[in-house]
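Taken from TrEMBL as is:
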ACT_SITE  241  active site, nucleophile
BINDING   269, 270, 271, 272, 292, 293, 294, 295  substrate binding site
Ligand code: ASP
């Protein structure tokens with residue numbers, strides 16, 4: 001997985017933002033770019049950045065007459081099967097108990113059906129399980145143990161989804177809290193060190209903390225080249241997901257979203273990804289939309305459904321997505337101190353082939369949030385940002401001092 005690092009904020013929200021979301025001044029310069037799809041083509045597939053490796057084959061399948069939902073699932077199955085993508089499927093970062101729990105949902109435009117599964121353990125391809133719920137039950141959503149038993153009944157193999165790589169990161173996360181619980185080296189361990197004096201400057205405290213964690217990562221057997229990345233995941237538990245929408249030449253359209261959700265979440269937590277209307281929504285008359293980012297915030301604005309309804313009432317894909325983002329901003333009364341901890345990207349595809357990717361935060365200078373499009377040529381495109389700067393990860397650890405940020409290889 002390429003975890004987008006939003007940790008050390010170089011946020012420069014435009015001064016006017018807090019004064020009036022919804023006014024042009026609230027928008028970053030990027031919003032003034034032309035909509036990417038001025039002359040829409042079909043077929044077209046749009047997905048999150050981590051679908052780049054699997055989109056080509058899925059596009060060929062779609063162009064060859066394959067079903068739109070099957071094509072979208074071909075895209076997201078790539079990251080689900082990839083043990084190195086630690087945000088989806090096999091190798092996803094686990095919940096706080098060290099158990100991988102996956103969420104997914106899908107909508108099939110041509111037959112106007114939907115399926116969804118939440119908090120599923122031991123089954124890798126939950127996108128396909130959500131499709132099986134749609135095809136083999138009279139329900140729309142199954143969760144937890146019942147969803148797992150259903151998956152096994154229809155032929156999915158049970159397997160251990162926790163890779164060694166993800167298990168070690170989880171253990172490092174447990175041990176990071178070891179001055180507050182009984183995990184990690186205890187008092188009798190030769191490596192135990194007394195807590196740093198309160199008076200120590202922040203920069204030194206951070207240097208110590210990072211070095212201690214890196215050392216623990218080494219002790220746990222994490223490869224040297226991955227130790228700092230593991231430390232980052234512990235300090236700032238990542239999110240990550242994949243959404244994909246696919247439209248064929250005939251104008252049929254479908255969507256799917258799949259994820260392991262927030263790293264180290266509470267067991268049983270479902271984010272937006274399995275919620276029809278939040279993580280994904282498709283209406284054959286209008287188009288399709290999906291989301292990655294802060295699931296709790298997206299559920300509250302029913303993001304994907306809001307976007308599709310906006311397009312139904314005449315908004316362009318970009319306008320429709322921006323409106324949903326502004327609703328998230330409105331839910332916090334434009335309070336940037338809180339919004340800094342929210343991230344959200346929407347992937348939007350209209351029935352005529354027009355599309356957009358929009359993000360609450362534009363992304364780091366020179367590194368905007370990106371999405372993938374294939375309409376004959378596969379490519380990354382920058383998402384259009386509502387606000388300038390980057391989101392910060394939750395939880396809000398003490399700010400890392402600027403002078404340390406400048407030199408630390410940790411920030412590269
Ligand atoms: N939306 C996902 C969730 O909240 C996480 C993500 O997209 O990064 O579970």
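From the backbone N, Cα and C atoms, a Cβ is placed for every residue, glycine too.
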Inter-residue Cα distance where the pair is the residue listed as 'active site, nucleophile' and residue 271 (substrate binding site), in Å: 11
Per DSSP, three-state class assigned to residue 292 (substrate binding site): strand
Of all C-alpha pairs drawn from the substrate-binding set 269, 270, 271, 272, 292, 293, 294, 295, the farthest apart lie at a distance in Å of 16
Annotated recorded positions 241, 270, 271, filtered by Cβ under 6 Å to ligand 1: 241, 271
Cα distance (Å, whole number) from residue 241 (active site, nucleophile) to residue 295 (substrate binding site): 10
About how far apart, in whole Å, are the alpha carbons (Cα) of residue 292 (substrate binding site) and the residue listed as 'active site, nucleophile'? 6
Residues with Cβ closer than 8 Å to the Cβ of residue 294 (substrate binding site), same chain and 6+ apart in sequence? 239, 341, 342, 343, 344
Tell me the Cβ contacts of residue 272 (substrate binding site) under 8 Å, same chain only and six or more apart in sequence, or just say none. 278, 279, 291, 295, 296, 298, 299, 303
The residue listed as 'active site, nucleophile' versus binding-site residues 269, 270, 293 - nearest by Cα: 293
Once the chains shown are all counted, how many other Cβ atoms turn up within 10 Å of the Cβ of residue 241 (active site, nucleophile)? 29
Below 8 Å Cβ to Cβ and six or more residues apart, same chain only. Which residues does that give for residue 293 (substrate binding site)? 239, 241, 342, 343, 344, 345, 360
Which three-state DSSP class does the residue listed as 'active site, nucleophile' fall into? strand
So what sits near residue 270 (substrate binding site) in its own chain, CB-to-CB under 8 Å and at least six residues off in sequence? 103, 118, 119, 143, 261, 295
Which residues in the same chain, at least 6 apart in sequence, have a Cβ under 8 Å from the Cβ of residue 269 (substrate binding site)? 95, 101, 119, 261, 262
